[in-house]
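Participant: Once you've had a glance at the structure underneath, I'll fire off some questions.
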Amino acid sequence: MSASETKTPLTSRRGAALAGTITVPGDKSISHRALMFGLLTVGETRITGLLEGEDVLNTAKVCRQLGATVERTGPGAWRVQGVGVGGLKEPTEPLDFGNAGTGCRLMMGVIGCHPIRATFDGDASLRKRPMRRALDPLELFGVRVVEQGEGGRLPITIQGPKDAVPVTYESPVASAQVKSAVLLAGLNAPGITTVIETEATRDHTERMLSHFGAEVTVTPHGAHGRRIDLVGQPELKAAPVVVPADPSSAAFPIVAAAIVPGSDVTVTGVMMNPLRTGLITTLIEMGAEIEVLNARVESGEDIADLRVRGSRLTGVDVPAHRAPSMIDEYPVLAVAAAFAEGPTRMRGLHELRVKESDRLAAVAAGLAAAGVAHTIEGDDLIVAGDGRAPGGGTVETHMDHRIAMSFLVMGLATAQPMRVDDTAFIATSFPDFVGLMRGLGADFS
Ligand SMILES: O=C(O)C1=C[C@@H](OP(=O)(O)O)[C@@H](O)[C@H](O)C1
Ligand SMILES: C=C(OP(=O)(O)O)C(=O)O
């Protein structure tokens, strides 16, 4: 998909209260990783609940280019016949990750310590995103960057070493993608690879490493951080993966239900991994009526059903150290903040500038289009919040699925409709978004 293709705009209007029970698709982070672990395991990995969004389908295609057999056996049901750690085939064509930072950066780690050459590429959005954050630690293992675009941008060609050396790396950015790239590279290096993060980020890679039989130890580090030690060159053992519903997708119906008066919506089976629940914590602090029902553990992840009712929200101060646990949810939190009484200050949002779009700028432009007062001070976004938002504008989505979905949610509660200029990229993470939201009563046309 490219920005030059015909755009598919959509308008969202205020209507009746939202009601019903829905299940959102599988978690994107776990889906990418499940396919990659399948590739790195000899034998058959069966995955259920896989997110069949474009980002993940690109990862599946790349796994095939590297030698795996990847087959869909039913809705969300996939089978991967892998080649094992050390067994990757050199790809004959460039690897195209489309819009997906996760697919690209994690696969740099997967491939990095194999003695093969590979070229990484993506769409116009991904070509703007920084890749040195993954390449810097990979070079310490002995990976050579053969070609790269300006400032370490895609397209990038790397050559893996014959004999990789293990690495101890303290990541300068709070990024699960960087942490995961290092750990995945460490799989094919002898000895112990260590990653230190000063802010804990989502831990799906660590969990999946132990699920597939690798020796991995996680210990606390400082006030909010962790140290992860991985023993390299394990023989991973095929294990089934059940992908829980994505909390980052659930965020949209949850905020929609909270801001549309009288709503009563239940989202079932949502992953409640504590490193992913910052939005729920924040919405509850704002006064959102969210009930956590049927809390349970399935396939090693906490999950629950979330019942959300139309709520009176109050502005809050969101601390910077919460950012990793809700990093993709700030655009839709800004929408909730627009309907709160009093200011909401979201601190430490510098990472939002390097997502599918510059999300800080895109959110600010969207709020401006909706007539919502806000300011950016350094890395903080402050949304004024006076309980209502006029709406009536068009939002540029900049090839960014989360910007599109956030402002469609906003239009369900603004006085005038909200239009987003392009919905095409919603298919990267939440292909059924429009249909599921319409099922709850959303007026999108
Ligand atoms: O590891 C992952 O699956 C992800 C990590 C986050 O990115 P960063 O590591 O760049 O913060 C997040 O924004 C992305 O959607 C998924
Ligand atoms: C940032 C995101 O994904 P990625 O980095 O994989 O493109 C996202 O889904 O919001």
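Cβ atoms are placed via backbone N, Cα and C, with glycine included.
Keep in mind that this is a model prediction, so the values were computed, not measured.
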Participant: For the phosphoenolpyruvate site that TrEMBL describes with K28, R129, Q177, R359, R402, which of these is also annotated: G98, G101, G213, G435?
Facilitator: G101
Participant: Based on a Cβ-to-ligand 1 distance below 6 Å, what subset of the binding-site residues S29, Q177, D328, R359 would you report?
Facilitator: S29, Q177, D328
Participant: Using DSSP, would you call S29 (3-phosphoshikimate binding site) helix, strand or coil?
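Facilitator: Where S29 (3-phosphoshikimate binding site) sits, the three-state DSSP reduction gives helix.
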Participant: Across the record's 3-phosphoshikimate-binding residues K28, S29, R33, S175, Q177, D328, K355, the largest CA-CA distance in angstrom?
Facilitator: 19
Participant: Please check the binding-site residues S29, R33, S175, R359, R402 against ligand 2 and give me the ones with CB under 6 A, sequence order.
Facilitator: R402
